[in-house]
Amino acid sequence: MDPNELEPPSFDSCDGVSPRCPVEATLYGDYFTVGACAFFVAAFTLALFLQIWLAWRSKAWSFATYLGLGTIFELASYAARIVLANNPWIFGAFVVQMLFLLLGPTLAAASISVTFKHLVLHYGREWSVLRPRLYPWVFVGTDFISILIQAVGGAVAAFATSGSEENMQLADVSSALLVTGVVFQVANMVICGGLMLIYLWRRRKGLASRSGGSVREESSGSEAVSSGGKAARPDGEKKLKIFIIAITVAYIAIVIRCIYRVPEMAGGWGNDLQKDEVTFLVLDGAMILVAVWLLTIFHPAFYFPSLGKKKVEVPDRNEEPRDYEMAEPRS
């Protein structure tokens with residue numbers, strides 16, 4: 001008798017669907033929908049090609065790198081799901097889709113985080129709770145903590161593939177790590193978003209006090225004059241406001257996805273919510289696709305070109321260092 005026949009179905013003992021290794025015994029309990037997965041692969045691939053061109057045009061390398069990596073992870077995840085739709089017992093494809101679907105949204109969120117420093121410098125650092133130079137360290141740095149926790153959880157999950165008791169215990173450990181990573185990401189995004197809301201509130205309050213109780217955005221100092229002391233063009237300010245709306249909606253979409261992921265992971269491997277593909281495609285796939293395309297369509301190349309400028313800090317003895325632009329953005 002084959003020793004594998006004595007083991008419960010797992011990636012260790014199964015290499016394809018059979019009477020002993022039915023699809024119902026897999027983590028997701030069914031075949032993935034090929035059409036839906038192919039749609040996401042095509043959509044993320046198209047976004048990636050556009051991002052490559054936009055990155056070259058804008059020179060906003062940090063933004064482009066995080067967004068590009070997040071997009072690559074997403075399209076690789078759905079490509080792996082197409083492989084699993086043909087054979088759900090392929091371990092490598094399972095690991096790729098599981099791990100990359102966790103990390104991709106965090107990288108997309110990091111691309112938004114890098115814009116916060118530049119927005120604060122543009123609209124006026126005096127309203128900020130943090131020094132602008134700390135924004136990348138606090139916002140993007142905490143994103144990487146979330147990535148690290150989820151990566152460790154994913155690595156542990158990769159070893160928890162058999163039906164043995166100790167591997168089931170290892171699966172519980174991996175699930176706990178993944179939940180911790182996603183919860184940390186939710187908390188991180190809420191706090192970072194809260195800091196930006198505080199900045200907005202303080203700025204509006206400060207401008208209102210300067211103008212005697214009314215806020216006129218179009219005539220405020222930081223909008224009428226850029227951080228380099230040059231007059232800002234009205235069309236540039238309108239585009240920047242559109243960019244802010246776009247990254248706000250993208251940010252909210254990523255938060256929605258993360259909130260969905262908490263109970264989905266907390267229920268343990270193979271729970272009913274995890275097996276619900278439609279819910280996953282709506283609350284995970286669609287949310288991240290919306291975020292990625294918003295960040296691609298309303299790219300800094302056209303809506304916030306100063307994000308790709310080189311800046312130099314010129315310290316002053318009596319005030320905090322200011323950023324002075326070295327070159328005008330390309331039109």
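Even glycines carry a Cβ here, placed using N, Cα and C.
The feature region 'Disordered' is assigned by TrEMBL to 211-234.
TrEMBL lists 32-56 (among others) with the feature transmembrane segment. Same-chain residues lying 6 or more positions outside the transmembrane segment (32-56) and placing a CB less than 8 Å from one of its CB atoms are 64-65, 67-68, 71-72, 74-75, 78-79, 81-82, 84-85, 88, 277, 281, 285, 289, 292-293, 296, 299, 301.
If you look up TrEMBL, you'll see 63-84 (among others) marked as transmembrane segment.
Same-chain residues lying 6+ beyond the ends of the transmembrane segment (90-116) with a Cβ under 8 Å from its Cβ atoms: 11, 27, 62-67, 69-74, 76-78, 80-81, 83-84, 135-136, 139-140, 143-144, 146-147, 150-151, 153-155, 157-158, 161, 178, 181-182, 185, 189, 192, 196, 247, 250-251, 254, 257-258, 261, 284, 288, 291-292, 295, 300, 304, 307. Marked as transmembrane segment by TrEMBL: 90-116 (among others).
What TrEMBL lists as transmembrane segment is 137-161 (among others).
If you look up TrEMBL, you'll see 173-201 (among others) marked as transmembrane segment. Using a Cβ-Cβ cut-off under 8 Å and counting only residues 6 or more beyond its ends in the same chain, the transmembrane segment (173-201) has close neighbours at 102, 105-106, 109, 113, 116, 119-120, 127-130, 138-139, 142-143, 145-150, 152-154, 156-157, 160, 251, 254-255, 258-259, 261-262, 265-266, 268-269.
Among the features that TrEMBL reports, transmembrane segment is placed at 240-260 (among others).
Feature annotation from TrEMBL assigns transmembrane segment to 280-304 (among others). Same-chain residues lying 6+ beyond the ends of the transmembrane segment (280-304) with a Cβ under 8 Å from its Cβ atoms: 33, 36, 40, 43-44, 47, 50-51, 54-55, 57-58, 60, 63, 67, 70-71, 74, 78, 101, 104-105, 108, 111-112, 115, 118, 239-240, 242-243, 246-247, 249-251, 253-254, 256-257, 260-261, 264, 274.
Within the chain, the transmembrane segment (63-84) has long-range Cβ neighbours (under 8 A, six or more residues past its boundaries) at 31-32, 34, 37-38, 40-41, 44-45, 47-48, 51-52, 54-55, 90, 92-94, 96-97, 100-101, 103-108, 110-111, 114-115, 140, 285, 288-289, 292, 295-296, 300, 307.
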